[in-house]
Amino acid sequence: MVLLLCAAALIGYLSIQLRIVPIVGFLLAGVVIGPHQLGLVATTETVEAAAEIGVILLLFTIGIEFSLERLAAIQRYVLVGGGLQVLLAVAVTAGLVMAFGADWRTGVFTGFLVALSSTAIVLKVLAAAGRTTSTLGQGSVAALIFQDLAVVLMVLLVPLLGGQGEGPLEIARALGTAALVLVVVLVVARKVMPPLLERVARACSPEVFLLTVVAIGMGTAYLTSLAGVSVALGAFLAGLVVSESRHSAHALGEVLPLQILFSATFFVSIGMLLDLRALLELWWLVLLLAAAVVVVKAVTGALALSALGVGASTAVAGGLLLAQIGEFSFVLQRSGAAVGLEPAGLGADGEQVLIAVTVLLMTATPALSALGDRLGRAVGARRRRPAAASAAPEDVPAPGSAAPVLVSGYGPVAAELAAGLRGRGIPVTVTTLSPDLAAVAEAAGHTVVRGDPLRRNVLEEAGLFTAAAVVIAENSAEETAQIAAVVRQLVPDTPILARPVDTADPAELAPAGVHRVVDTARTVGAALTDSVLRRLGRGVAPPGDHPDPHAVVDFAADPDSSCPHLVQIRPVLPAAAGCVDCLRAGERDWVHLRLCLTCGHVGCCDSSPNRHASAHAHAADHPLAASAEPGEDWAWCFLDQTLIGRRE
């Protein structure tokens, strides 16, 4: 198991470097290290159990993202589009198999195998492209949902196709049980789950919350499997249950790392099933059948989506996106083998051929999806009417609309900030783990996302990628730095502002990516100073020509500089808007200002009467100071008398 995870991590990294979807790397890793090739990892019960957990968590997280409201909005897609896709795929495949001499039972059984697409692969590809909620994503997900529902009936029909089974009465009873399970899930989602997760969240224990969410996912999947519903569908339903809670984003963020770990194990385990040596003599058959599956699935999928009126370009793209065989086909294949049914009537070679075609098409899915997008655009451009060119684009924001400001935390300072922004017509989105503060923010009229702002999915839900700015108002300096680092990694160009706690050095937040640090102590001190000076009739200098005490200065020195003191440079905040020592003495007769690059001290230059910058450099052993004048971009070492430029 350890070797499996190490191989998955290594090949996953190489896949990213080669611009390949990591799923493809996981599948290839399984082929290489599996028992049929290098034999580094055997297909053990531990690997199979981890793979099953991966499927459950993957479908569970997708269910959380796909709420009941969204599912209700695409119910026509599920029933019409998904139903047509399955029926057409089964009918066309059965006809082709029968045309080559197989009986109708083998034809229908093979149609069952081909009709199912890979829920895990398709959803991963959609999520990676950020298209889960697009028209293409909704149509594809609808087809996948219907397929998962159809698996229940297919599993019951396979013994009948093999000449065994209990008959129509048993099938009706099983379907009735499955329908009852769906009703119970809906009731629990609406009535039980929201107050349950609310109470658990109020315990403020990450461990208890995670365990509760995982227990909901695993428990629901297990209970639905006892009722004859597939584990995958049960996990998806469990996700829908959690999605009805206001803490769904928090739940998704906690479960996502586990999902990534175990779903990687699942994809590796699929690759481990393939025996390349056994297929050396059948490679031509594998390629032929893979091509046939792509054609059948692409055509039937496109026809089904076209029936929904989604447009030719989306239908073509969706058909190719669904053009693979799913992981649950293995479940049907094993059920069929138990009653004497083989894929396409290939006998003993049927299982390995099915595995080879499945792995090949799963691996090719990202490429097929890209091909579908290109063909879809070509078809759409050919069918587009000239008048469409003058239509207004759908994604243009409404005139006067403002990008939101994302605020992490909701204490008194954040509440005052949010109220001020909202009063000026700027929307605010608040992220917090506190149920009480979330309720207060909602009562104030702000959009609230409950969850850990260190989780990417929580930040995405809060609109990070469209935010005008991010304000971090947490009470922990360490947490503030961690959030800033995550935000900076995701959106490097978005301004990040922070309010440090009293015990933190504001400059320590700069390396994490904070652009402006609003230190309340400095703000209050500056406001009092300004008030006193105005009261005494002494004006204050306009702030535009002086250092901004809240703007982080991170001077990147030219690496070719020979000055040995460059190691003392660190991100700093200007200590004042003018020379610190002159202001203390009540003087303002400096010529130019210099900023210490070690501690942020602001002093007057050597052309000034007092030369405080030089005095500070020698007294504090901080020899490097940058020009604080607008438009100037250089530093000076007072010890070496060396001019230092910025890195270009």
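We number each residue from 1, going along the chain as drawn.
Using N, Cα and C of the backbone, Cβ positions are placed for all residues, glycine too.
Small disclaimer: the values here were computed from a predicted structure and weren't measured.
It is 312-333, from the ranges 26-47, 312-333, 400-421, 576-597, that TrEMBL records as transmembrane segment. Long-range contacts of the transmembrane segment (353-375) within the same chain: residues 20-21, 23-24, 27-28, 31, 113, 118, 121-122, 125, 129, 267, 270-271, 273-274, 279, 282, 285-286, 289-290, 293-294, 298, 316-321, 323-327, 329-330, 333, 343-344, 346, each at least 6 residues beyond the stretch ends and with a Cβ under 8 Å from a Cβ of the stretch. In the predicted structure, the domain 'RCK N-terminal' (402-518) carries a mean pLDDT of 82. DSSP states for the domain 'UBP-type' (561-648), grouped as helix (H, G, I), strand (E, B) and coil, give 16 helix, 21 strand, 51 coil. Looking at which of 49-68, 77-102, 282-305, 312-333 has the most CB pairs under 8 Å to the transmembrane segment (141-159), the answer is the stretch 77-102. Sequence-distant residue pairs (6 or more apart) of the transmembrane segment (77-102) and the transmembrane segment (255-276) include fewer than 3 whose Cβ atoms are under 8 Å, leaving the two stretches without contact. For the transmembrane segment (312-333), the residues of the chain that approach it from at least six positions outside its boundaries are 55, 85, 109, 112-114, 116-122, 125-126, 135-136, 139-140, 143-144, 147-148, 151, 154-155, 158, 230, 232, 266, 270, 273, 293-294, 297-303, 305-306, 343, 350-351, 354-355, 357-358, 361-362, 364-365, 368-369, 371-373, 375-377, 379-380, 383, judged by C-beta separation under 8 angstroms. Mapped onto DSSP classes, the domain 'RCK N-terminal' (402-518) shows 51 helix, 22 strand, 44 coil.
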